[in-house]
Amino acid sequence: MSKLGLKLGRWVHIEFEVTSQYGANPSPPPAAINPIPHSPSVAGRGPMDCGSALSTKPVPPTPPNPSSANLPESPTPQRKIWIKPTAPASKKQQQQQQRRKKGSGWDEKRVVGFVDYDEGERRVSTEISGARKDEIPARYRLRVDGSRWQKDWKLSEVVDQVMRLRHWEDVDGVLNRWAGRFARKNFPLLIREITSTGSLDHAVHVFRWMKNQRHYSPRSDIYNMLISLHAKHNQTDQARGLFFEMQHWRCKPDTETYNALINAHGRVGQWRWAMNIMEDMLQAAVGCARCWFVFVLSSTSPTEEDTGEEVIAVMQRGEGSGDLIGRQRRWRRRVEIFLSSLADLDFNLHPVSNNNLSYMIPPSRTTYNNLISACGSGGHWKEALEICKKMTENGVGPDLVTHNIILSAFKRGAQYSKALAYFDLMKETNICPDTITFNIVIHCLVKLGQFGKAVDIFNSMREKGAKCQPDIVTFTCIIHAYSTCGQIENCKVVFDMILAEGLKPNIVAYNALIGAYASNGMHTEALATFNLLKHAGLRPDVVSYTSLLNAYGRSGQPEKAKGVFDMIKQNSLRPNIVSYNALIDAYGSSGLLAEAIGMLHAMEEDGVQADVVSISTLLAACGRCSQIVNIDSVLSAARSRRIKLNTVAYNSAIGSYMSVEEYDKAVSLYRSMREDNIKPDSITFNILISGSCKLKKYAESLQFLDEMMDLNIPFSKEVYSSLIHSYSKQGQLTEAECIFNMMKGTDCSPDVITYTSMIHAYSIAGNWMKAWELFEDMERNNIQPDPILCSSLMEALNTGCQPEKVLWLADLMREKSIPLNSSAYFGVIYACSMVRDWRAAIKTIECMETSFSSISLGLLNQLLHFLGKSGKIETMMKVYYKILSSHSNVSLVTHTILLKNLLTSGRWRMCIEVLQWMEDAGIQPTLNMYRSVLSYARKDNSMEHANLIQERISNLRGKID
């Protein structure tokens, strides 16, 4: 082991201890001397100020005689050297050193404030002076004084002048009028201030001007700032170009350079490039990072007169430019070079291996963080964990930024459960999270559907005295959470919280609120938020317009959606693939299939290639329009464009075939899906099972159940409901009950749809008691019934002659504000007829009048038949008049039911009016209708009406002949 001691004074004592037994050998090998220990405190000291880093020993005022016999013996021979130090620094040099330590203030930032009490405005900014006219060389100062165009601006004023101009305007003219351009030390400050504004175009223009100046000298820090700025703007190729350019001008890349370049590749997802740069960084010597020194001492004690080969000094530069070996020179000068070199180094030396005397600057924590972020930005969380492990093995401990990057890598890789587990591990190791950590955790909880836990974390952050206060990203995540679970009112409440907290919503927050409204088709609220965004001084981006477009599409207004789409181009924005897909969906959901297919061709003409989402949207639109030809055409278009269908696309195509009752094609497409190694999911089998049941292929639906179990695909609530429906249609009530009980034993608890299927199964079996018990069980589980369930239960109760329970259920629906559908109305009226409560029936019919336009004619015909059979002719005629006013096309069946009920009640004269109304409406009465009325007219001896009806019969026969 080697020990180096130093003391300042007239003589300097340096002591080496050699571990090997080379007492008499003139040249012990370099491997016998251990490396110099790391000491960061030495960095920045003068050439001889190394006393705090090296051990000192008291030395005699005069150098002792090397040949003295009083020297102590040691088992390990020691070599002692006395060096007379260089002359002390002059007074001027000492003043320069003090001025350098204190700083002259030319590169310091100063806070400047401005208050206008009349206008009620204030402005606080920072300015930097830079080197002014008094600090430039005298010959250039005379040149500046002799021209009225030259301005002695501060550096901050120059930056303001440049930023007021557009990058294509005369920026060079402003810079050429600046007197500080003759001071070389102004150039790094100018680049620093320009890059801090974030304007890439201005920074590139200023740098181009700077390189044309006579006083410009390439510097690594200038290139580092420019590479970092290009990285922020995702200009990776330009950043690499600057990296090669700085090497061309002999500027050695340092750690900051490699960090910026790794960050540039990481931001665009090029994580393999980032890892290659890391390897290059490890192989190349960064600055003076890889330096090693070897001193070999002779066996004789050195003296001033000794001119032999006393010391061999070896210094290897980082670029491998060759070894500087001092041989046959005076030993004192070599030691002085060694000490000066130590002072020039940052003393951050790290051994590469125990058997090699090479040293290097290890990658910093920022380097590892940038590399982990590069992997995590593309979702490569496994590689990110490997780098973090390597980082720890190399002695660089992770910090909170590292943990946040790892969490972000899990988030981008859709490993939300792993992210939450990693967060729990952080809490166990007493790592205090920050706001960024909580934002990532909230996002993962929302993706996993754990909305309650996400809101709890949000509320804990808002508590008084909390260390981590929510920021705009936190509020935006909570808005997205409420939007996902359908609580749109809470989205607006959270947005109002942003304003109440004094935060300024950004474009992302506005887009989140617009998207929440769009997901529910609330186009009025979405438009109001869009206008609020513009009034706040923000410019809507493509996401803003696309969200508004989607709002109109979801509300069934494709024309307005197309208008918003045109606004994107009018505002100098380019629609992306999401914008085109939203417009295709708007057309498809409204049944405008031709326009939807036209948008597919339009997007390709605009240079936007269709993706699998476009194909899925078109397939779903074809299913809604029941056009089988177009389904085949869309699938052919996907194959011609080499778009590989995923599970969602296959589900859309299979569902479209099922909707047009093309069972064979749907099953064939499912087999193709399996052949292409596309794994089906629960939605696929739900479409197949429910579609088979609709086509009354119940045995085939159970075959799909067997395939689903063979693939170990977990059952969803929809699959359980479809299976219960399938068994109930086959009369297998026991199997349906088994499926329902099996569902209760799993994590997939029954919902209102499952209960509806089971109640419908009991209704088909005529077991109203089991249906009622199931309804009570649903109430105990706090499951809110819907109109479909209530109407199914009413049907079962009416079949079981339980009108009182039907009327009680109707009152419960009114109490819970559950709207009654047409089936429920008919069930209530039927129950009223059973208990002869005609007043309640008429009241129910009056409630139905407002919704006649949405009720089918078939159900209204049943209502007319029911009223006529019950003898309520006046009520029947009122309902008939309401039907005429609400439905433009009243069928012949409606008039047939009406005439039959009128004749049964003996009101044949009113039948003649009905026949006349039919003729006026363009509906030709049949011969049987005239004959039925004619028989009643003859019975009452009304020959006038009988002759009129007979004439109509003759005219109708003439038309038939």
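Using the three backbone atoms N, Cα and C, a Cβ is placed for every residue, glycine included.
Feature annotation from TrEMBL assigns region 'Disordered' to 21-106.
For the repeat 'PPR' (219-253), same-chain residues at least 6 beyond its ends with a Cβ under 8 Å from one of its own Cβ atoms are 187-188, 191-192, 195, 198, 200, 203-204, 207, 210, 260-261, 263-265, 267-268, 270, 273, 284, 286-287, 318-319. Annotated repeat 'PPR' per TrEMBL: 219-253 (among others), in sequence order.
The repeat 'PPR' feature in TrEMBL is assigned to 254-288 (among others).
According to TrEMBL, the repeat 'PPR' annotation covers 364-398 (among others). Within the same chain, residues 255, 258-259, 262-263, 265-267, 269-271, 274-275, 278, 281, 405-406, 408-410, 412-415, 418 sit at least 6 positions outside the repeat 'PPR' (364-398) and bring their C-beta atoms closer than 8 Å to a C-beta of that stretch.
Residues or ranges marked as repeat 'PPR' by TrEMBL: 399-433 (among others). For the repeat 'PPR' (399-433), the model's average pLDDT works out to 90.
Taken from TrEMBL, the feature repeat 'PPR' applies to 434-468 (among others).
What TrEMBL lists as repeat 'PPR' is 471-505 (among others). When DSSP labels each residue, the repeat 'PPR' (471-505) comes out as 26 helix, 0 strand, 9 coil, counted as helix, strand and coil in that order.
Among the features that TrEMBL reports, repeat 'PPR' is placed at 541-575 (among others). Among residues of the same chain six or more beyond the repeat 'PPR' (541-575), those with a C-beta under 8 A of the stretch's C-beta atoms are 507, 510-511, 514-515, 517-523, 526-527, 530, 533, 582-583, 585-587, 589-590, 592, 595, 603, 606, 608.
If one looks beyond the repeat 'PPR' (576-610) by at least 6 residues along the same chain, the residues whose Cβ comes under 8 Å of a Cβ in the stretch are 542, 545-546, 549-550, 552-554, 556-558, 561-562, 565, 568, 617-618, 620-622, 624-625, 627, 630, 634, 637, 641, 643. Annotation comment: TrEMBL describes 576-610 (among others) as repeat 'PPR'.
Sequence annotations record features per position, and here TrEMBL assigns repeat 'PPR' to 681-715 (among others). Remote same-chain residues near the repeat 'PPR' (681-715) are listed as 647, 650-651, 654-655, 658-659, 661, 663, 666-667, 670, 673, 722-723, 725-726, 729-730, 743, 746, 748 (criterion: CB distance under 8 Å, separation of at least six residues from the stretch ends).
What TrEMBL records for 716-750 (among others) is repeat 'PPR'.
For 751-785 (among others), the entry in TrEMBL reads repeat 'PPR'. For the repeat 'PPR' (751-785), the number of residues in each DSSP class (helix H, G, I; strand E, B; coil) is 27 helix, 0 strand, 8 coil.
According to TrEMBL, the repeat 'PPR' annotation covers 891-925 (among others). Shown for the repeat 'PPR' (891-925): DSSP residue counts in helix, strand and coil, namely 26 helix, 0 strand, 9 coil.
Residue counts of the repeat 'PPR' (254-288) by helix, strand and coil are 26 helix, 0 strand, 9 coil (DSSP-based). Each residue in the repeat 'PPR' (364-398) gets a DSSP state, and the totals come to 26 helix, 0 strand, 9 coil.
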